[in-house]
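> My questions will all concern the structure given below.
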Amino acid sequence: MDSDLMDFFDFSKQFSRAPAPKGYITGDPTAFATETIDSKPIKRELIGKDYVHEVVEKEKHLMKKLADGYNTSKNRRTLDELDSDDDEVLMKELPSVRSDEEYYKKYRFDLNRNKNLPIYEQREDILAAIRENPVVILKGETGCGKTTQVPQYILDEAFKRREFCNIVVTQPRRIAAISIANRVCHERKWQPGTVCSYQVGLHRQSNLEDTRLLYCTTGVLLNNLVRVKTLTQYTHIILDEVHERDQDMDFLLLVVRRLLALNSRHVKVILMSATIDTREFSKYFAMSSSLPPVVTASHGRKFPLVKFYRDQLKNIHWKDEPQRTTPGIGPEGYSDAIKLLLVIDNMERKADNQSQQSYEEAKRTGAVLIFLPGIHEIDTMAEHIGRIVDENPNFKISIVRCHSLMSPDSQEEVFLPPPLGHRKVILTTNISESSITVPDVSYVIDFCLTKVLHTDTASNFSSLRLEWASKVNCRQRAGRVGRLRSGRVYRMVTKDFYMNHMNEFGIPEMLRSPLQNSVLKAKELEMGNPSEILALAMSPPNLSDIQNTVLLLKEVGALYTTVDGVYEELDGDLSFWGKIMSKFPLDVRLSRLIILGYVFNCLDEAIVIAAGMTVRSLYVTGSRGQMNEAFWMHYIFADGSGSDMIGIWRVYRIYLNMCQDRMLKESAQQWARRFNVNLRSLKEMHLMVQDLRQRCASLNIQPLPYGACHMWDDREKSIILKVIIAGAFYPNYFMRSNKANADYDRSLFQTICGNDPCRTVYFTNFEPRYMGELYTRRIKELFLEAKIPPENIDVTFQHGSEKVFVTFKPDDEDIDTTKVVQVPGRVMTEVYKAVRMRLENQNRPLRVMDQNSAFKYVEQNRIGVISDCTWVPPSNQWPVELLTLPSVFDKTIFGLITHVANCGKFYFQPQALAERIASMSEIFNRSLELSCYVQNAKAVTKGLQLLAKRGNLYQRAVVLKVETQINGYPRFRVRFIDYGDVAVVPIDKLRLMSPQLKRDFERLPPRMFECRLALVQPSSVASSYNQWPQHANEMLISVAKSGRVELEIYSLVNNVAAVLIHTRGGVLNDMLVDRQLARRADEDYMSRKDHDLRLRKQETKRNVSITDQRLINEEYLRFAQLPKDTDLEPPPLNKCNLSIRLKGPYSPLEASLNSLLRIGMYKSVYIDKESVNSVLLDSDPQDRHDQMVVAASVTEAFDNLTVRGTTLMPNIHGFGALMAMLFCPTMQIKCNKDRTKYVSILAGLGYNPDTMQPHFEEHDMVINLDVAILKDDIRIINQMRYNIDSMFYNFDVNEMPSVGTEDRVVIFNQLRSLLIRLLGKDRSFIERHVSNFEYLWEDMSDLEPPSEPYGKRAIFPMHSSYDFESENMGNLLSLQANCKELYSWRNFEGTMQPMKCRLCNDTLESVAELRLHLLTQLHRDREKQVGWKQN
């Protein structure tokens, strides 16, 4: 590699670490102060097909010149040469016939063909037409034999003449190409891979030299022809199933038509289909003097088929509604289908005596196939049928669903006979039109509807639209009946509507789907710009769609923004990334994922994810109304990553390990059923992975050799995969709903009355008069459907509230060290499960007693007390005077850390209790107490309090669970009550408590309290799953072992103290941040509120007597205690005479998404229900920064967006902004008005410097920063962008990356180092800025342009930015004065007028709000930035 280029950024320079600010993203539309013309995207003008006429006329003129000079001219192979000023066009002469005598001696040729096939009758006509015409159209019904026989007829004819013959036959599907080739080989007794062979993707049989008949997929032939730009390597090209009109087929037709006239006139082209539009294809392939002939091959049906339309069924009493013109199933549609089922049943029942077939036999062979447009309609139809069957027991129906997301086992049910005496009714989507044939279907009910995917090329958002099916679709559906007996088809539209209003054919894919791959093929063809090529398609797309596609390809780096250095809206030079993308059978963003995987040395992971994203239904889905087990399988495989794509990678890894272990077929199927994995899809994915690996190897895109450089460890890989996902799917960026509102965390805790939101959900609609504490166990049982055991749940109530609070108990450490379902952040898994329960069913019935009966019940059973007509349930609260909790007046306390689980959970014994604890220990270890041996292991149950040996002494303990026995010796897991640690203790180390000991100590609260580190949280860079890094825990353990520890109490919430630990080396909390093991974090609302109270109490401590301090502290602790679960035995159900419906459960952490794209700003965003993020919660509620979600695809319906293939990005402050800066085509980073800080980023494709209008405004993205981004960050990002470009900075003639392994290692090591530096910074917070002109590109011509090593050939050009100005001293003094004023109001006890914190741009409505605002990390950072220090 050029040393000057490698030295461009002087990478050898040593960088000193410094705290740097970070960026924050918001997609909140309210970020705009007011709505202006600039705040909404301009509607792009639709440019239609006017461009086509000029191009087609030019093409006709060219074709005429070619035809006129056909016999005398020589061939030129490019459009520019052919369309020259020369009067005479050069063409290649027709070659002489080539003999192949030796080849035909080598293989056996049996000329006896199957004469029973309908196609045989047309054999001579077909061969004659092929001999006499360059293009022949063959229309033959499904099953006539055209696919297998026509190529053999041609080959046999060549054999007779001893002429060379090379035939290629395309198939739209891989499996079809393989199976048909094998069938032909079997029929002709040829060794597979000799005379007849196949090729799908790069997978082909090894020896193709002797192949004369090749079956391949459409894409294989297309790629080959685009590469060689001639048809002459074949004598016959047979395009089968041309009616399907996918993009590959339409582009192949274009290429074949062009090359046939250009340089391959002797090649014969045969177009075949069962439902071909002969008129359209004849016109498209018409020569100047003639049209291609059409040969028709058909065969009669074995059993008759009768079709009925809605208006022809006069005897059925359905409502005489007018025919719907808008596609859809009306309120009566489902009922009408059921009426038809009843008519069919009655008809066969009446024919029982007149027919040779009995009624029971008719039901068995008379299955009904109902075509519905989607899964939702299938479920609705099933519910309607189910209700009718329940009401009419004699109407016996066996419902079978059939759609593409079903498991293979479920699909097999379609072919099984129904239960005895039942009629099978198959509810299906259009998958059964051609993919599945069920022999026993005798009736079809067709709603004549279908769902078609359309893509808006401007936004790149897809929408699944409900449309009327084409007549071709309906005929294919009708062809599903009458295999075993006569059949009937009922079309749920009128005959007039069917004949005169429904389209004959569907919309070609080129007119409704993304055009990226077609435009790339057009660029590779090198016969004109994309619009000139695509104008020649059979169905040319709108020019707007081509223009938008070119913009999208520029956005992903497949095209450069210029053509020969000049910007073109409709064209761009093909980049080296584009050349790679054109070689993959993938969406360009998935190809970009593979390229970035190569750059960041995680190529294999990227290949697996890309393959998994192309395969449908990797997971098996359940039907509506059921608790979807498959959903939790997504979580298991995602393993806490919050990423559907990483989940795919983990599924494949497990599958690959099973394959390598040679797991038996039965075992693999059991595994697939257990984890709801579609094994068939997984096998298809495996083939795709192998194919992509081969394609990468052919391009010299391979992983770095193991050991050549520093490889990513598991923790780093979890982040780097999200980095490349963010890069691949830019700009599909979404932000969780904005938390910048200062009232957010207060309302969060108010909603659940101070409970922990990370562990609590709530129901509504429970009136207090029902005395809820009586039904806590019944409420716990509601969660059994989510497999949450009742013993792990606390249910509490708030006086006067209709809410029921359900709090999940945290796992006792070490009980379950490998949780099955991991979730990101602090929120417990059970909260996700509870919210998912509500999504399945919002109402939960609960049986209760009326108030009078409830009063009688509690009086009779002496449960609680009744005072002033109010029931007071029994309480099990600890006496507050006995609690070992720090006083509200104590700022620091000394003592011992008795046990460390992690930095977020450890236990502390105050030094003041040392003598009392020693006295207790002495009592416990008296010989009298130690003589209470456990005689019967069954007496030791969960929750039992006893004595257990800890070290050399026995201490109080509570049993957590019974462990497995070893050699028949019982063991028990216990927690030591006064120390906090957990241990597994054998039965001989346990002692029961004597009655006296129970009386004295059973109600004594623990002699320690739980702590966590305050103002910090685990670094997302240093750890996964929001868990504390091991090294951080080791630092805390080291402090604990050193002896007496000084704790500074920040707050006390729910009996857990947030603390700062003072050591000789400084505050441990800060030390963890300095070592990048933790990052600074806000405390939540309850913690800040308690901290403020403690500060004010401690300021008045000297004025309060010791006695009053104790009384005030007890009142403080009493007030701080939350209600506890009473866990009462519920009343018998026969006494519960009322049924209420609880609504929920809800979580206050439920979040929504906002799109960051300008085109999606004012749209509602929903996450696909099968995504791991479909239950989207604020996983770090104390963190005022929000996380970004990246989506693989986006679909649109009206003003709603649905995102699929989602990935929750790491909770690294500024991550979204940094990723946008790193992977966007270009960006402008904007400053505040004083140019003292960066406040927002405008990213996109850039703008026209002459008009200042954006090139692709729909995809412009604004990111408002709330942490500081420094000039050094932009420098690092530019270095990374340069390195990414350097990985492919040149291609040789073979299109191989020219960077060698040694240079790749250097580049990767640089990238790795820079990325770690970029993400590892502890960034200071800044105030948010908003503007009405965020989407305006600014003229930055006054800036010196950055150096561009690769000039116009850079995929990632360098970013430029303004230097900071010095802060104005007057402004600093003003901000300091504002800060001083805020603090002057802090201890005010009355009401105040709203005040403005100018440091943070926040309005403070009350003194309480002001106090808590002063404690936020944002305000503390801003105080440092303006130089304010409190006296």
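Each Cβ is built from the backbone N, Cα and C atoms, and glycine gets one as well.
Feature annotation from Swiss-Prot assigns domain 'Helicase ATP-binding' to 127-294; the stated evidence is sequence analysis. The feature ATP binding site is assigned by Swiss-Prot to Gly140, Glu141, Thr142, Gly143, Cys144, Gly145, Lys146, Thr147, with sequence analysis given as support. Annotation source Swiss-Prot lists motif 'DEAH box' at 240-243. Among the features that Swiss-Prot reports, domain 'Helicase C-terminal' is placed at 354-526, with the record citing sequence analysis. Summarising the annotation, Swiss-Prot assigns domain 'Tudor' to 937-1000.
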> Would you kindly list the residues that approach the motif 'DEAH box' (240-243) from elsewhere in its chain, counting only those six or more residues past its ends and only Cβ-Cβ distances under 8 Å?
146-147, 169-172, 249, 253, 271-277, 281, 472, 505
> Which of these binding-site residues has the least crowded Cβ, counting other Cβ atoms within 10 Å: Thr142, Thr147?
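Selected from the binding-site residues Thr142, Thr147 on minimum Cβ neighbours within 10 Å: Thr142.
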> Along the motif 'DEAH box' (240-243), what average pLDDT does this model show?
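Mean pLDDT for the motif 'DEAH box' (240-243): 90.
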> What are the non-local neighbours of Lys146 (ATP binding site), defined as same-chain residues 6+ apart in sequence with CB under 8 A from its CB?
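In sequence order, the residues whose Cβ lies under 8 Å from that of Lys146 (ATP binding site) (at least 6 apart) are Ile119, Leu138, Gly140, Asp240, Met272, Ala297.
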> Near the Cβ of Gly140 (ATP binding site), how many other Cβ atoms are there if near means within 10 Å?
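That number is 25.
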> In the domain 'Tudor' (937-1000), how many residues does DSSP assign to helix, to strand and to coil?
12 helix, 35 strand, 17 coil
> Which has the fewest other Cβ atoms within 10 Å: Gly143, Gly145, the binding-site residues listed?
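Selected from the binding-site residues Gly143, Gly145 on minimum Cβ neighbours within 10 Å: Gly143.
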> Summarise the motif 'DEAH box' (240-243) by DSSP state, stating how many residues are helix, strand and coil.
2 helix, 0 strand, 2 coil
> Using all protein chains shown, find which of the binding-site residues Glu141, Cys144 scores highest when you count other CB atoms within 10 A of its CB.
Cys144
> Three states by DSSP: which one describes Gly145 (ATP binding site)?
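In the DSSP reduction, Gly145 (ATP binding site) maps to coil.
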